[in-house]
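First the structure, in the form of structure tokens, and then the observations on it.
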Amino acid sequence: MTFDYDLFVIGAGSGGVRAARVSAAHGARVAIAEEHKVGGTCVIRGCVPKKLLVYGAHFAEDLADARRFGWDVPKCDFHWPTLRDNVLNEVDRLEGLYSENLERHAVEIIRQRATVKGANSIALADGRTVTAKTILIASGATPVVPDFPGAEHGITSNEAFHLEALPKRVVIAGAGYIANEFAGIFHEFGAKVTLVNRSDVILRGYDETIRDRLLTISMMKGIEFRFHASFERVTRNDDGSLHIEMSNCDPVDADLLMFAIGRKPNTEGLGLETAGVELDDKGAIVVDSDNRSTCPSIYAVGDVTNRVQLTPVAIREGQAFADSVFGDKPTKVDYENIPSAVFSHPPLAGVGMTEGQARNRLGTVKIYTADFRPMKNVLAGRNERALYKMIVDGQTDEVVGIHMIGPDAPEILQAAAIAVKARLRKEQFDEVVALHPTMAEELVLMK
Ligand SMILES: Cc1cc2nc3c(=O)[nH]c(=O)nc-3n(C[C@H](O)[C@H](O)[C@H](O)COP(=O)(O)OP(=O)(O)OC[C@H]3O[C@@H](n4cnc5c(N)ncnc54)[C@H](O)[C@@H]3O)c2cc1C
Ligand SMILES: NC(=O)c1ccc[n+]([C@@H]2O[C@H](COP(=O)([O-])OP(=O)(O)OC[C@H]3O[C@@H](n4cnc5c(N)ncnc54)[C@H](O)[C@@H]3O)[C@@H](O)[C@H]2O)c1
């Protein structure tokens with residue numbers, strides 16, 4: 001049987017773009033469908049624009065601190081439309097680069113929605129049907145919006161990058177990655193921020209002491225938290241602002257309500273049932289360790305499989321798929337010791353086991369911590385302490401986890417993650433001479 005393509009990819013995000021490009025480089029005839037913009041969540045409305053806003057927001061602290069370092073900083077005003085438009089222009093530039101890169105590798109970009117119409121058939125929004133020997137679903141995930149009266153007044157991270165004006169009062173639902181990152185962004189821009197969460201746990205999965213430190217610093221800065229609260233009703237006040245009613249706490253008036261309560265796999269209406277592709281109870285595509293679904297000709301990578309919702313993981317899965325299926329080089333993704341970070345103010349990052357996980361899994365555990373005020377914060381008169389924590393297997397001396405919060409924590413942790421992945425021992429950290437004066441030197445000075 002002949003097919004129009006060797007590979008048809010649905011979704012030009014982190015996983016899909018990598019899979020398409022590498023498969024084409026291996027000699028496959030590839031098409032990729034994208035219903036929004038080439039680049040996907042990370043480039044268009046995730047990691048990249050978010051990080052640029054984090055940089056923009058951090059100037060609020062830098063400008064204030066600069067005075068203690070002798071700079072005569074006049075009263076500074078922040079102009080949101082300038083930052084917003086510059087960020088959106090950068091996103092457009094990157095979208096162009098991603099498209100060019102695909103075209104350079106002879107990948108055909110089909111700019112419309114595509115759905116599955118059988119094991120080897122794809123229906124395009126323009127009415128055409130095309131065929132492919134292999135189909136890769138890389139359709140990502142979409143923000144969850146809760147169901148309660150007035151929920152339609154809220155936005156998600158998708159809209160946050162396009163706001164007409166900066167809100168003065170923001171309520172954010174959730175206390176995970178997006179909630180804490182945007183709490184920092186809006187707070188630094190001068191908004192009054194309230195995080196509303198149904199439990200009292202922020203950033204589940206991160207080390208407890210590090211999470212507690214972020215909570216303490218966030219509260220010190222003036223970010224408010226409402227725990228054990230769930231939304232009951234949102235109505236619009238006469239002045240256009242929102243009146244938000246919740247269980248377990250007083251109502252709050254705000255100019256913006258943002259939902260950051262998780263992202264659900266994009267499988268709705270994708271036609272997967274026509275090919276017998278099994279979904280789990282969260283709607284994620286069930287795949288084996290080769291990224292193959294229950295239909296042998298259909299694979300899936302990235303957020304749509306709801307394994308680890310991070311860009312570098314989607315990219316690795318896309319690469320492994322392409323190398324295995326079209327490169328004659330069977331490859332499996334290694335999910336051990338994936339580093340991750342939250343770009344809050346200050347940021348936190350971690351790799352490997354948390355203290356709690358290590359105590360449950362290992363016989364004996366040694367914990368080393370460095371709790372210090374970074375030199376720059378001391379001179380700036382900024383009462384924010386950094387905290388680094390190292391988790392060591394008491395029997396083998398192996399460093400099984402590193403967790404940190406403080407300036408540049410994600411930058412420092414990326415390097416430290418190499419040592420954890422390489423299963424280095426605490427003794428080997430101790431053998432390294434400190435690089436002074438840095439914050440990272442604490443990693444080799446922990447006693
Ligand atoms: C606000 C925010 C910040 C984030 N920050 C970080 C971060 O700092 N670091 C990090 O590692 N991760 C971050 N993430 C997560 C990261 O963006 C995702 O894990 C990653 O983009 C997943 O890649 P993917 O290829 O699975 O899907 P996506 O990048 O979401 O791509 C899927 C693409 O498929 C398209 N599509 C869907 N259905 C169809 C269809 N039927 N037809 C055609 N096209 C379709 C979509 O339009 C989309 O472009 C963030 C996410 C958000 C929302
Ligand atoms: N820095 C990064 O790497 C980064 C940044 C942003 C997003 N992401 C990825 O995107 C994913 C989605 O981010 P997210 O922040 O939306 O999800 P999340 O899973 O990090 O956090 C969800 C939060 O919402 C709460 N919640 C869940 N259901 C709720 C409900 N019905 N009502 C009220 N609260 C509820 C949870 O308790 C939790 O605090 C993350 O899991 C992460 O993988 C990564």
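Numbering starts at 1 and runs along the chain as it is shown here.
For all residues, glycine too, the Cβ spot is worked out from N, Cα and C.
Because TrEMBL annotations are produced automatically, they should be read as predictions rather than curated entries.
Secondary structure at H436 (active site, proton acceptor), as computed by DSSP, is coil. For H436 (active site, proton acceptor), no same-chain residue lying six or more positions away in sequence has a CB closer than 8 A to its CB. Summarising the annotation, TrEMBL assigns active site, proton acceptor to H436.
Per TrEMBL, FAD binding site is recorded for K51, D303. Sequence-distant neighbours of D303 (FAD binding site): residues of the same chain at least 6 apart with a C-beta under 8 Å from its C-beta are G13, G15, T41, G140, A141, R263, P265, N266, Q309, A314.
The NAD(+) binding site annotation in TrEMBL covers G174, A175, G176, Y177, I178, A179, N180, E181, G262. Less than 8 angstroms from the CB of I178 (NAD(+) binding site) sit S157, A260, each of them six or more residues away in the same chain.
Residue density at C47 (disulfide bond): 16 other Cβ atoms are found within 10 A of its Cβ, drawing on all protein chains shown. Taken from TrEMBL, the feature disulfide bond applies to C42-C47.
The annotation domain 'FAD/NAD(P)-binding' is assigned in TrEMBL to 5-318.
The domain 'Pyridine nucleotide-disulphide oxidoreductase dimerisation' feature in TrEMBL is assigned to 338-445.
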- Going along the chain, which residues six or more apart from N180 (NAD(+) binding site) have their CB under 8 A from its CB? L195, I202, L203, L214, S218, V342, S344
- Query: Within 8 Å of the Cβ centre of G174, A175, G176, Y177, I178, A179, N180, E181, G262, which other residues of the chain have their Cβ, at the recorded NAD(+) site?
  - Reply: I172, F182, L203, A260, I261
- Query: Checking the binding-site residues G174, G176, N180: which ones have Cβ within under 6 Å of ligand 2?
  - Reply: G174, G176
- Cβ neighbour count within 10 Å, max among the binding-site residues G174, G176, G262, goes to G174
- Secondary structure content, the domain 'Pyridine nucleotide-disulphide oxidoreductase dimerisation' (338-445) (per DSSP, counts of residues): 36 helix, 33 strand, 39 coil
- Any idea what the Cα distance is from C47 (disulfide bond) over to G176 (NAD(+) binding site), rounded to a whole Å? 15
- Query: Using a Cβ-Cβ cut-off under 8 angstroms and a sequence gap of six or more, which residues of the chain neighbour K51 (FAD binding site)?
  - Reply: F343
